[in-house]
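Asks: Got a structure for you, questions after.
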Amino acid sequence: MEETVELPNSDHVEMAHQHIPRKIKKGGLVTMPFVIVNEAFERVASFGLVPNMIFYLMRGYNLGFAKGNNLIFYWSAATQFMPILGAFLSDSYLGRFLTIVSGSIASFLGIVLLWLTAMIPWLRPPPCDQSKHSCKSATTIQMAVLISSFALISIGAGGIRPCSLAFGADQLDKGDNPKNNRVLKSFFGLYYASQSISVFVALTAVVYVQDHLGWKVGFGVPAVLMFFSAFFFFLASPLYVKQEAKKSLFTGFAQVLVVSYKNRKLPFPDRSSGGLYHHGKNLLLVSPTEKLRLLNKACIIREPEVDINQDGSASNPWSLCTAEQVEELKALIKVIPLWSTGIIVSISVSQSTFPILQANSMDRHITSSFQIPAASFGLFAVIVIIIWVALYERVTLPLASKIIGKPVRPGPVKRMGIGAFLSCMAMVISAVVENIRRRKAIREGHINDAHAVLDMSAFWLVPQYCLIGLAEAFNALGQIEFYYSEFPKSMSSIATSLFGLGMAVASLLASVILSTVDDLSSRGGKESWVSNNINKGHYDYYYWLLAVVMFLNLPYFLVCSWAYGPQVENGSKREGEA
């Protein structure tokens with residue numbers, strides 16, 4: 001008997017087809033504009049606020065130069081530290097998508113709040129009465145609103161910056177695609193190019209708007225940019241690949257410290273009894289190294305039946321760690337001394353407000369009708385970094401090899417040392433230029449006029465900016481490459497986190513140095529070295545002090561690099577390798 005199958009009515013098929021939801025393809029190149037624009041707009045908005053902020057604090061909030069600069073140092077420290085917290089929350093709880101969304105909203109609210117301080121007069125103290133030489137300080141509420149805006153902007157940076165690059169890579173990381181590595185490399189190049197362009201736009205366009213159209217428009221533009229940053233990123237939400245949160249390395253470090261303390265009274269097993277140490281699956285490492293031996297107690301197996309699950313994992317990670325976790329923490333502890341030398345270098349890089357006041361008192365004209373904004377001179381340091389990175393592999397190293405007659409390729413630690421030396425030279429040049437500028441101001445009779453513009457070109461400041469840019473290019477890139485090469489691959493995310501933490505600590509130390517100098521130099525009714533009046537103060541003495549600090553860092557760096565010993569020469573360590 002022939003079996004017949006009744007075909008459904010074509011109308012019914014069409015209606016059913018309309019009700020079947022189409023599966024949206026996740027990730028891919030279509031998501032890249034949204035990811036890149038999100039961080040690019042955030043950087044334009046936040047970086048565009050910083051250069052002129054000292055003028056806003058001094059003129060809008062009647063803060064002295066030292067107090068205003070300290071507030072900027074604290075803000076910078078918070079902005080550099082928050083990405084570490086953001087990375088922890090992303091890895092452990094929220095996931096990258098929610099962390100970026102939360103950061104975008106926080107950053108937008110912070111910039112809006114800062115914009116409101118410019119729009120609403122009662123959120124700022126009244127202007128100083130020049131005739132009576134009196135200035136009212138900001139009230140507690142006014143300062144609370146200002147500091148809250150800074151805090152929200154820092155929280156926003158902490159949510160976006162540590163996750164954006166990794167989130168973009170998640171969209172493109174297709175293991176079955178033979179061209180996967182090339183696609184990821186292209187994305188990384190485009191990502192870092194967008195960062196450079198963002199800083200360029202911030203130091204030119206945003207700064208120019210603030211100088212010529214005032215704070216209301218100057219803060220309003222970053223607020224609009226940040227709105228679009230958050231809006232466009234959230235708009236593409238259905239298209240994203242969203243990885244779930246997993247255990248953070250920071251949690252693993254904490255577990256090693258806790259468990260090693262719990263097991264502090266346990267005896268060490270014999271070196272030959274490697275099986276008594278717990279290790280992850282498919283790892284070459286069985287027994288931990290002898291360095292920092294006390295931490296090895298974190299991975300000692302006391303009762304195999306109780307401590308180990310059937311799949312080989314620890315039944316309680318807060319009672320037993322893997323040898324890999326122990327070695328990861330050891331690798332981190334081992335680089336701390338060398339990392340601390342980078343903090344001192346970052347102190348010189350963080351001195352951004354001093355050159356701005358110098359440039360503001362000098363002739364910045366390129367033509368009779370156009371002058372460069374004082375805050376835009378920081379662009380010279382950025383340009384030097386971009387040019388140096390572009391030419392280093394293609395021109396500088398081949399030329400140096402040809403001159404010397406043998407291959408020249410300084411390792412990351414040597415480049416860190418060169419950066420430390422250049423930071424010292426940058427402070428020396430800064431001191432010399434400021435001494436020349438101040439003596440000229442006195443000769444021209446401007447010692448009591450802090451707003452006078454000297455008959456001296458602001459391009460005298462370009463050499464110090466170039467040296468600061470070179471110091472950062474050598475030291476910062478050397479640091480990151482050093483961490484990547486010395487850490488196991490599982491710790492690659494720590495590299496940028498360590499550098500950011502160093503910048504945060506540098507900002508705090510710079511604030512301590514500035515406050516100490518202001519307090520000691522103004523005793524006995526004397527004019528402070530960092531006076532509000534740049535012509536009465538002695539910014540050159542302050543630069544000389546920093547030069548001495550940078551110089552003392554050089555022998556300290558040599559000792560730390562010697563104590564660290566030889567570095568890895570083959571790129572990066574294998575997974576699980578100590």
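Yeah, the Cβs are placed from backbone N, Cα and C, and that goes for glycine too.
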Asks: Between the candidate ranges 34-52, 72-90, where does TrEMBL place the transmembrane segment annotation?
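Replies: Within the set 34-52, 72-90, TrEMBL attaches transmembrane segment to 72-90.
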Asks: With a Cβ cut-off under 8 Å, give me the same-chain residues at least six positions beyond the ends of the transmembrane segment (72-90) that come close to it.
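Replies: Apart from its flanks, the transmembrane segment (72-90) reaches 46, 50, 53-54, 57, 96, 99, 103, 150-151, 153-155, 157-163, 245, 248, 250-251, 350, 353, 493, 496-497, 500-501, 503-505, 507-508, 510-511, 514.
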Asks: Under 8 Å between C-beta atoms and at least six residues away from its ends: which parts of the chain pack against the transmembrane segment (372-391)?
Replies: 51-52, 196, 199-200, 203-204, 207-208, 210-211, 352, 355-357, 359-360, 364, 366, 458, 461-462, 465-466, 468-470, 472-473, 477
